[in-house]
Structures are given as structure tokens and as C-alpha cells.
Amino acid sequence: MEHYISLFVRAVFVENMALAFFLGMCTFIAISKKVETAIGLGVAVIVVLGITMPVNNLIYANILKDGALAWAGLPEVDLSFLGLLTFIGVIAALVQILEMTLDKYVPSLYNALGVFLPLITVNCAIMGGSLFMVERDYNLAESTVYGIGAGVSWALAIAALAGIREKLKYSDVPAGLQGLGITFITIGLMSLGFMSFSGVQL
């Protein structure tokens, strides 16, 4: 149990998707103007990462990995080169299924997140999570915990940035830095803050 708790904490703080690896920057900057919308997108990212990571793990471990098809009498087949394409397909399919499910059963939540759900398909933080899973050889349970932790890390970062950007509207920012300029500086300072966790061994 300790291993999974440390994996979750490491995913949220030490290896923050947005502020340590700078993944998902396009939506991170574009949707961080209001806290409400940032939290909505953050929750959607948590759900998608929490679902796609274990699904991709099952597909990779049982079909794509070198020797994974031994159960089918094909122990020498290595389909790992199809990993990237498979992960993209799984992410796109699961986002569509999630979108249709929310539309049918939870229309209020769909109306709140509907605009942001398609953006998640092209969020490289989702793909990054699956590639880290393969590189670090996580099992199914570790993939699930890491997926949820990575989603929480991205949601935490975008919510924090949105809060700061809302306050910056009332600040006296120099003309040359208004808009994206001060946003990039803010992200850099937030990233420096999260670097303080880099020495933590879990």
C-alpha cells in the first residue's frame, strides 16, 4: 500500500505533468483564463487518464509487448512498434465513449465539460502518461494509480494557474508583458516552485 501512496504523491508533486514535464501546454495555457473552466477541464483529464492508463496497460501487456502473445501460441511476435498508434486510438475512442455516456446519462455535466472533452484527445499529457507507463514497466494497479495521480497533478496545476491569471487581471502588468508574456513567466515561477519537490525520494 505504501508503494502506491508514494507513487501517487510522486505523480502529483515530484513529477507534475504540467510543471515538471511541461506536457499538455497548449490546453494548459488556452483554458486557464477562468478557474471554473480550468477545474472542469482538470476533472475531465483526471477521468480520462484514470481510464486510459489501465486500458492501455492491458492492451500493451497482453498483446503488444515482446512475447505477450505467447498465450496465442506466438511467443516470438513483438508488436511493441504499434504502441504509439494503439495508444492514440484508445485515447480517442475512450474520450468519445465518455462524451456519449455523459451526454446520455449526465447531461448537466456534459454541458459543463462538453466544450473541453474533445480537447483532451489532443492533450499530450494523456499520451505522455501511457508512454511513461511503458518506459517504467508499470503493472495494472500501478498504471491506474499513476494515471489518477498524473491527472490530479495536471488539474492542480491548471487550477492554480487560472487562479493566478484571474488575479493578474487587476495587476499593473507592463504593456509588453500583458497576455501570454506574463503567463509564461508565471508558469516558469510555478515550475521553479515545484522543483523544490525534485529532491524528495519516495
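Glycine residues also receive a Cβ, built from the backbone N, Cα and C atoms like all the rest.
Under the heading transmembrane segment, Swiss-Prot lists 11-31 (among others).
Within the chain, the transmembrane segment (35-55) has long-range Cβ neighbours (under 8 A, six or more residues past its boundaries) at 24, 27, 87, 90-91, 94-95, 98, 112-113, 116-117, 119-120, 123, 125-126, 129-130, 133, 140, 143-144, 146-148, 150-152, 154-156, 158-159, 161-163, 166. According to Swiss-Prot, the transmembrane segment annotation covers 35-55 (among others).
If you look up Swiss-Prot, you'll see 79-99 (among others) marked as transmembrane segment, on the strength of sequence analysis.
Annotated transmembrane segment per Swiss-Prot: 114-134 (among others), in sequence order, evidence recorded as sequence analysis.
Annotation comment: Swiss-Prot describes 144-164 (among others) as transmembrane segment. Sequence-distant contacts of the transmembrane segment (144-164) (same chain, six or more residues past either end, CB-CB distance under 8 Å): 4, 7-13, 15-19, 23-24, 28, 31-35, 37-39, 41-43, 45-54, 125, 128-129, 132-133, 138, 183, 186-187, 190.
Residues or ranges marked as transmembrane segment by Swiss-Prot on the basis of sequence analysis: 180-200 (among others).
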Near the transmembrane segment (114-134), which residues from the same chain, at least 6 beyond its ends, have a CB less than 8 A from one of its CBs?
17-18, 21, 23-24, 26-27, 31, 37, 40-41, 44-45, 48-49, 52-53, 56-57, 60, 83-84, 87-88, 91-92, 95, 98-99, 102-103, 142-143, 146-147, 150, 154
Determine which residues of the chain contact the transmembrane segment (180-200) at the Cβ level, with the cut-off under 8 Å and only residues 6 or more beyond its ends counted.
10, 13-14, 16, 19-20, 22, 28-29, 32, 157, 160-161, 164-165, 168, 173
